[in-house]
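S.K.: As listed in Swiss-Prot for this protein:
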TRANSMEM  2-22  transmembrane segment
TOPO_DOM  23-50  topological domain 'Extracellular'
CARBOHYD  Asn29  N-linked glycosylation site
CARBOHYD  Asn33  N-linked glycosylation site
TRANSMEM  51-71  transmembrane segment
TOPO_DOM  72-83  topological domain 'Cytoplasmic'
TRANSMEM  84-104  transmembrane segment
TOPO_DOM  105-115  topological domain 'Extracellular'
TRANSMEM  116-136  transmembrane segment
TOPO_DOM  137-150  topological domain 'Cytoplasmic'
TRANSMEM  151-171  transmembrane segment
TOPO_DOM  172-183  topological domain 'Extracellular'
TRANSMEM  184-204  transmembrane segment
TOPO_DOM  205-230  topological domain 'Cytoplasmic'
Amino acid sequence: MWAWALLPICLTIWATAGIWIVYGMSVSNGSVNLTDGFPFISLCGTYPPQSCVFGQVLNVGAMLGVWISVIRFQQIRDYGCHSVLNSVSLAMGLLCALGTSIVGNFQQSNQLETHLAGAFLAFVIGNIYFWMQTVLTYMVKPKHGGCYIGPIRFCLSVACTALIVLMAVFLKLNMKSISAICEWIVAMILFLLYGLFSVDFWHLDGHYFHVKKRTAIPNEVEVSTVTLNI
(Lines of atoms letter the chains of each structure in order from A and count residues from 1; the text may use other names and numbers.)
(Lines give C-alpha, C1' and ligand atoms only; values in the text may rest on other atoms or scores of the structure.)
Protein backbone atom coordinates (compact mmCIF):
# COMPACT_ATOMS: atom_id res chain seq x y z
CA MET A 1 0.00 0.00 0.00
CA TRP A 2 1.60 3.22 -1.22
CA ALA A 3 0.31 5.14 1.81
CA TRP A 4 3.04 3.58 3.96
CA ALA A 5 5.57 5.54 1.92
CA LEU A 6 4.12 8.73 3.39
CA LEU A 7 5.17 7.77 6.92
CA PRO A 8 8.93 8.46 6.51
CA ILE A 9 8.14 11.57 4.48
CA CYS A 10 5.90 12.85 7.27
CA LEU A 11 8.70 12.33 9.78
CA THR A 12 11.19 14.22 7.63
CA ILE A 13 8.85 17.16 7.03
CA TRP A 14 7.60 17.27 10.62
CA ALA A 15 11.03 17.18 12.25
CA THR A 16 12.70 19.55 9.78
CA ALA A 17 9.94 22.14 9.92
CA GLY A 18 9.61 21.74 13.68
CA ILE A 19 13.18 22.48 14.69
CA TRP A 20 13.45 25.40 12.27
CA ILE A 21 10.25 26.85 13.73
CA VAL A 22 11.83 26.50 17.17
CA TYR A 23 14.92 28.27 15.83
CA GLY A 24 12.78 31.10 14.46
CA MET A 25 10.92 31.48 17.76
CA SER A 26 14.13 31.59 19.78
CA VAL A 27 15.65 34.25 17.53
CA SER A 28 12.51 36.38 17.39
CA ASN A 29 12.00 36.50 21.16
CA GLY A 30 15.68 37.04 21.91
CA SER A 31 16.31 33.71 23.66
CA VAL A 32 19.38 33.30 21.48
CA ASN A 33 21.62 36.06 20.18
CA LEU A 34 22.99 35.46 16.69
CA THR A 35 25.72 38.04 17.26
CA ASP A 36 27.24 35.59 19.74
CA GLY A 37 27.37 32.90 17.07
CA PHE A 38 25.11 30.31 15.52
CA PRO A 39 23.19 28.44 18.25
CA PHE A 40 23.00 24.72 18.93
CA ILE A 41 19.64 23.08 18.36
CA SER A 42 19.28 22.35 22.06
CA LEU A 43 19.95 25.96 23.00
CA CYS A 44 17.12 27.09 20.74
CA GLY A 45 14.75 24.70 22.50
CA THR A 46 15.85 25.41 26.06
CA TYR A 47 13.66 28.34 27.05
CA PRO A 48 9.86 28.77 26.94
CA PRO A 49 7.71 29.13 24.98
CA GLN A 50 9.71 27.35 22.25
CA SER A 51 10.80 24.62 24.68
CA CYS A 52 7.18 23.39 24.68
CA VAL A 53 7.13 23.22 20.88
CA PHE A 54 10.59 21.61 20.86
CA GLY A 55 9.50 18.85 23.22
CA GLN A 56 6.33 18.14 21.26
CA VAL A 57 8.16 18.06 17.93
CA LEU A 58 10.75 15.58 19.19
CA ASN A 59 8.21 13.41 21.00
CA VAL A 60 6.09 13.00 17.88
CA GLY A 61 9.26 12.46 15.84
CA ALA A 62 10.39 9.76 18.27
CA MET A 63 7.04 8.00 18.00
CA LEU A 64 7.23 8.03 14.20
CA GLY A 65 10.84 6.81 14.41
CA VAL A 66 9.79 3.79 16.49
CA TRP A 67 7.01 3.01 14.04
CA ILE A 68 9.34 3.24 11.04
CA SER A 69 12.06 1.13 12.70
CA VAL A 70 9.63 -1.68 13.52
CA ILE A 71 8.10 -1.72 10.04
CA ARG A 72 11.53 -1.71 8.40
CA PHE A 73 12.65 -4.58 10.65
CA GLN A 74 9.62 -6.66 9.72
CA GLN A 75 9.94 -5.81 6.03
CA ILE A 76 13.51 -7.10 5.95
CA ARG A 77 12.45 -10.29 7.78
CA ASP A 78 9.61 -10.82 5.30
CA TYR A 79 12.18 -10.75 2.52
CA GLY A 80 13.86 -13.76 4.11
CA CYS A 81 16.75 -11.93 5.77
CA HIS A 82 16.98 -13.25 9.33
CA SER A 83 20.39 -11.74 10.02
CA VAL A 84 21.31 -10.76 13.57
CA LEU A 85 22.23 -7.41 12.05
CA ASN A 86 18.56 -6.73 11.41
CA SER A 87 17.68 -7.33 15.07
CA VAL A 88 20.57 -5.19 16.29
CA SER A 89 19.53 -2.50 13.82
CA LEU A 90 16.03 -2.48 15.30
CA ALA A 91 17.52 -2.00 18.77
CA MET A 92 19.63 0.90 17.49
CA GLY A 93 16.59 2.50 15.87
CA LEU A 94 14.59 2.27 19.09
CA LEU A 95 17.49 3.72 21.11
CA CYS A 96 17.76 6.59 18.64
CA ALA A 97 14.06 7.33 19.10
CA LEU A 98 14.43 7.13 22.88
CA GLY A 99 17.33 9.58 22.76
CA THR A 100 15.31 11.97 20.63
CA SER A 101 12.51 11.98 23.19
CA ILE A 102 15.00 12.50 26.04
CA VAL A 103 16.53 15.51 24.27
CA GLY A 104 13.10 17.07 23.90
CA ASN A 105 12.02 16.50 27.50
CA PHE A 106 15.24 17.17 29.44
CA GLN A 107 16.49 20.65 28.55
CA GLN A 108 20.21 21.29 28.91
CA SER A 109 19.60 24.11 31.38
CA ASN A 110 17.86 21.71 33.80
CA GLN A 111 19.33 18.23 33.26
CA LEU A 112 22.54 18.62 31.26
CA GLU A 113 23.88 15.07 31.80
CA THR A 114 20.58 13.46 30.86
CA HIS A 115 20.24 15.79 27.88
CA LEU A 116 23.72 14.89 26.61
CA ALA A 117 23.00 11.18 27.03
CA GLY A 118 19.89 11.63 24.89
CA ALA A 119 21.87 13.57 22.29
CA PHE A 120 24.41 10.73 22.12
CA LEU A 121 21.63 8.22 21.47
CA ALA A 122 19.95 10.44 18.90
CA PHE A 123 23.06 11.39 16.91
CA VAL A 124 25.69 8.69 17.40
CA ILE A 125 23.42 5.67 17.77
CA GLY A 126 21.20 7.09 15.04
CA ASN A 127 24.22 7.26 12.75
CA ILE A 128 25.11 3.65 13.60
CA TYR A 129 21.53 2.64 12.82
CA PHE A 130 21.77 4.03 9.31
CA TRP A 131 25.15 2.41 8.74
CA MET A 132 23.45 -0.89 9.54
CA GLN A 133 20.59 -0.03 7.22
CA THR A 134 23.11 0.70 4.48
CA VAL A 135 24.60 -2.78 4.88
CA LEU A 136 21.14 -4.36 4.98
CA THR A 137 20.24 -2.52 1.78
CA TYR A 138 22.91 -4.53 -0.02
CA MET A 139 21.96 -7.78 1.73
CA VAL A 140 18.23 -7.71 1.03
CA LYS A 141 16.58 -8.75 -2.21
CA PRO A 142 14.65 -7.34 -3.96
CA LYS A 143 16.54 -4.05 -3.93
CA HIS A 144 14.17 -1.11 -4.02
CA GLY A 145 15.32 2.15 -5.53
CA GLY A 146 17.46 0.42 -8.13
CA CYS A 147 21.21 0.90 -7.95
CA TYR A 148 20.93 4.36 -6.38
CA ILE A 149 19.50 3.93 -2.89
CA GLY A 150 22.49 1.98 -1.54
CA PRO A 151 25.15 4.50 -2.61
CA ILE A 152 22.96 7.41 -1.45
CA ARG A 153 22.59 5.88 2.01
CA PHE A 154 26.31 5.17 2.10
CA CYS A 155 27.32 8.72 1.16
CA LEU A 156 24.89 10.29 3.62
CA SER A 157 26.12 7.97 6.40
CA VAL A 158 29.74 8.90 5.65
CA ALA A 159 28.87 12.61 5.71
CA CYS A 160 26.97 12.17 8.97
CA THR A 161 29.89 10.37 10.63
CA ALA A 162 32.41 12.96 9.45
CA LEU A 163 30.26 15.85 10.68
CA ILE A 164 29.73 14.25 14.10
CA VAL A 165 33.50 13.95 14.48
CA LEU A 166 33.99 17.55 13.32
CA MET A 167 31.26 18.72 15.69
CA ALA A 168 33.10 17.16 18.63
CA VAL A 169 36.49 18.51 17.49
CA PHE A 170 35.24 22.08 17.01
CA LEU A 171 33.47 21.97 20.36
CA LYS A 172 36.71 20.84 22.00
CA LEU A 173 38.49 23.77 20.35
CA ASN A 174 35.79 26.10 21.70
CA MET A 175 34.62 26.91 18.17
CA LYS A 176 31.01 26.56 19.20
CA SER A 177 29.41 28.33 16.26
CA ILE A 178 31.02 26.01 13.70
CA SER A 179 30.24 23.01 15.90
CA ALA A 180 26.59 24.10 16.02
CA ILE A 181 26.46 24.36 12.22
CA CYS A 182 27.78 20.79 12.01
CA GLU A 183 25.08 19.69 14.45
CA TRP A 184 22.31 21.23 12.35
CA ILE A 185 23.62 19.58 9.19
CA VAL A 186 23.82 16.20 10.96
CA ALA A 187 20.20 16.58 12.06
CA MET A 188 19.11 17.39 8.49
CA ILE A 189 20.99 14.35 7.15
CA LEU A 190 19.40 12.03 9.70
CA PHE A 191 15.94 13.35 8.81
CA LEU A 192 16.72 12.80 5.13
CA LEU A 193 17.89 9.25 5.81
CA TYR A 194 14.60 8.52 7.52
CA GLY A 195 12.78 10.01 4.56
CA LEU A 196 14.58 7.62 2.19
CA PHE A 197 12.67 4.73 3.76
CA SER A 198 9.72 5.92 1.66
CA VAL A 199 11.43 4.20 -1.29
CA ASP A 200 11.34 0.88 0.59
CA PHE A 201 7.90 1.37 2.13
CA TRP A 202 6.38 2.05 -1.28
CA HIS A 203 6.64 -1.71 -1.88
CA LEU A 204 4.96 -2.85 1.35
CA ASP A 205 1.74 -3.82 -0.45
CA GLY A 206 1.26 -7.56 -0.42
CA HIS A 207 3.24 -8.31 2.72
CA TYR A 208 1.51 -9.81 5.71
CA PHE A 209 1.96 -10.21 9.43
CA HIS A 210 0.66 -13.62 10.51
CA VAL A 211 -0.47 -14.26 14.07
CA LYS A 212 0.83 -17.76 14.87
CA LYS A 213 0.21 -20.15 17.74
CA ARG A 214 2.58 -22.86 18.90
CA THR A 215 1.21 -26.40 18.94
CA ALA A 216 2.10 -29.13 21.39
CA ILE A 217 4.28 -30.82 18.77
CA PRO A 218 7.69 -29.16 18.32
CA ASN A 219 8.51 -27.67 14.94
CA GLU A 220 4.84 -27.52 13.99
CA VAL A 221 3.08 -24.20 13.83
CA GLU A 222 -0.61 -23.63 13.41
CA VAL A 223 -1.41 -20.41 11.57
CA SER A 224 -4.45 -18.65 12.94
CA THR A 225 -7.15 -17.18 10.80
CA VAL A 226 -6.14 -13.65 11.80
CA THR A 227 -4.09 -12.03 9.05
CA LEU A 228 -3.21 -8.36 9.15
CA ASN A 229 -2.74 -6.82 5.74
CA ILE A 230 -0.32 -3.86 5.78
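Placement of Cβ uses the backbone N, Cα and C atoms for every residue, glycine included.
Describe the structural context of these features.
M.R.: Under 8 Å from some Cβ of the transmembrane segment (2-22) lie the Cβ atoms of residues 41, 44-45, 50, 53-54, 57-58, 60-61, 64-65, 67-68, 71, 187-188, 191-192, 194-199, 201-202, 204-205, 230, all in the same chain and six or more residues away from its ends.
Broken down by DSSP into helix, strand and coil, the topological domain 'Extracellular' (23-50) contains 14 helix, 0 strand, 14 coil.
Every protein chain considered, the tally of other Cβ atoms within 10 Å of the Cβ of Asn29 (N-linked glycosylation site) stands at 12.
With a 10 A radius on its CB, Asn33 (N-linked glycosylation site) counts 10 other CB atoms from all the protein chains.
Long-range contacts of the transmembrane segment (51-71) within the same chain, counting only residues at least 6 positions beyond its ends with a Cβ under 8 Å from a Cβ of the stretch, are 4, 7-8, 10-11, 14-15, 18-19, 21-22, 25, 44-45, 89-90, 93-94, 96-98, 100-101, 103-105, 107, 129, 194, 197, 201, 204, 230.
Here the topological domain 'Extracellular' (105-115) returns a mean pLDDT of 88 for the predicted model.
Packing against the transmembrane segment (151-171) from elsewhere in the chain are residues 123-124, 127, 130-131, 133-134, 137, 145, 178-179, 182-183, 185-186, 189-190, 192-193, 196: each is 6 or more residues past its ends and has a CB under 8 Å from a CB in it.
Helix, strand and coil content of the topological domain 'Extracellular' (172-183), in residues and according to DSSP, is 9 helix, 0 strand, 3 coil.
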S.K.: Please work out the helix, strand and coil residue numbers for the topological domain 'Extracellular' (105-115) from the DSSP assignment.
M.R.: 5 helix, 0 strand, 6 coil
